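Below is one structure, written out as structure tokens; the observations come after it.
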Ligand SMILES: O=P(O)(O)OC[C@H]1O[C@H](OP(=O)(O)OP(=O)(O)O)[C@H](O)[C@@H]1O
Ligand SMILES: NC(=O)CC[C@H](N)C(=O)O
Ligand code: SF4
Ligand SMILES: [Mg+2]
């Protein structure tokens, strides 16, 4: 999941630099910017002192194409730049559409295909019809901020899979993936509605374009893990949602032999606190995560194996501990954490998860595009417990997830295999799990 943001107004470079730290939890591969300067688009890693009234920022967590920061923002010629959060599930189909437009492109990078496709539609059909066609032909989770000639275009997918907010501090207009970023800079904000696109023109005129009306499918994993807890998504506080997830976990607790609850840092803390309150047990930080290494799940594969956890051995020894995490995806975290508890002489290890088992891949903005990498795929809950080496394991159900978040308008595809739109899992696995270092090459 990437972080995207933009500022339209005086000192735009300074604004986008200030917004960056509030969005880098969404992408750790690096941050990059593009600014409109004297009629040209300039791509830079530091724009704080640049004189510009329109800049875009991007923090990348790649789901497609080569890993690394240098691949967004995408700039095409002097008239088009794009930052994008999500995954274009049908990018292979768009490559054929581009071929019909006379553009040959050979890549496995969805954002590059999207950029060429969007620019082509805008230049051939104009802004309104171009965006409308984009809405009708893209499948996936996507929030997009693009510069097209002297206009800024902001788009949120019709399912509402990915978040996007727009706001202001009176000096200009800011757009960002998350509300917390705009609040941090003292701005007021509102969400861009799903299936809506805003075009802000150089003349100061603005207008909206509407996409198709489809069933809303807000990404459940955004609430569970991805968003900052001080953000709101579709009118729901992420903090509240995580507390409720923890409370429901507490209601399900049937084990009375628990001495201490400990969160698996960082994201699980809020759910773990609510769970500990609910079962009336003390909560202690017994897993110490190296705070300088960032999030582990979103790291590129070669960086994932590094251990970043230690435990407070003297306290866990001889005790029965309930470890609360927000999710188990590839199982990397528990594979690192659990043996440390065992070696320290923990009497019993109970794993509690504030979400359901993740059994299906995501092709809409998270980087787990294959069934084989998911620890719960093809395994019962008891088999996952045995595989991880826990004494007990409790997850939430999908109904409990929806009750806790307070809406049924969720994408739950990674739990259920029911995607918001028709998707061929075998084909999609091939499209997204190919060689991720294949060089992009526009012909
Ligand atoms: O089963 P896994 O494949 O390990 O994935 C799930 C884990 O990854 C995430 O933590 P992460 O370290 O990315 O971020 P956090 O510090 O915000 O919890 C998530 O919060 C789980 O702890
Ligand atoms: N996580 C994301 O939003 C990724 C955006 C885009 N698919 C990329 O790989 O750069
Ligand atoms: S499949 Fe899972 S991670 Fe992907 S969009 Fe749906 S809920 Fe989010
Ligand atoms: Mg975590």
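Note that Cβ sites are derived from N, Cα and C of the backbone, with glycine treated the same way.
Remember, TrEMBL labels are computer predictions, not curated facts.
Taken from TrEMBL, the feature domain 'Glutamine amidotransferase type-2' applies to 2-203.
What TrEMBL records for 2 is active site, nucleophile. Around residue 2 (active site, nucleophile), the same-chain residues six or more apart in sequence whose CB sits under 8 Å from its CB are 26, 27, 58, 59, 60, 61, 72, 83, 84, 85, 86, 177, listed in sequence order.
Classification of residue 362 ([4Fe-4S] cluster binding site) by DSSP places it in coil, neither helical nor stranded. What TrEMBL lists as [4Fe-4S] cluster binding site is 219, 362, 411, 414.
In this structure, residue 267 (Mg(2+) binding site) belongs to neither helix nor strand by DSSP; it is coil. Annotation source TrEMBL lists Mg(2+) binding site at 267, 325, 326.
On the backbone, the CA of residue 326 (Mg(2+) binding site) and the CA of residue 414 ([4Fe-4S] cluster binding site) stand 14 Å apart. In the shown protein chains, 27 other C-beta atoms lie within 10 A of the C-beta of residue 414 ([4Fe-4S] cluster binding site). If you count neighbouring Cβ atoms within 10 Å for each of the binding-site residues 219, 362, the highest count belongs to 219. Filtering 2, 219, 267, 325, 326, 362 by Cβ distance to ligand 2 (under 6 A) retains the following recorded positions: 2. Only 362, 414, of the binding-site residues 267, 362, 414, place a Cβ under 6 Å from an atom of ligand 3.
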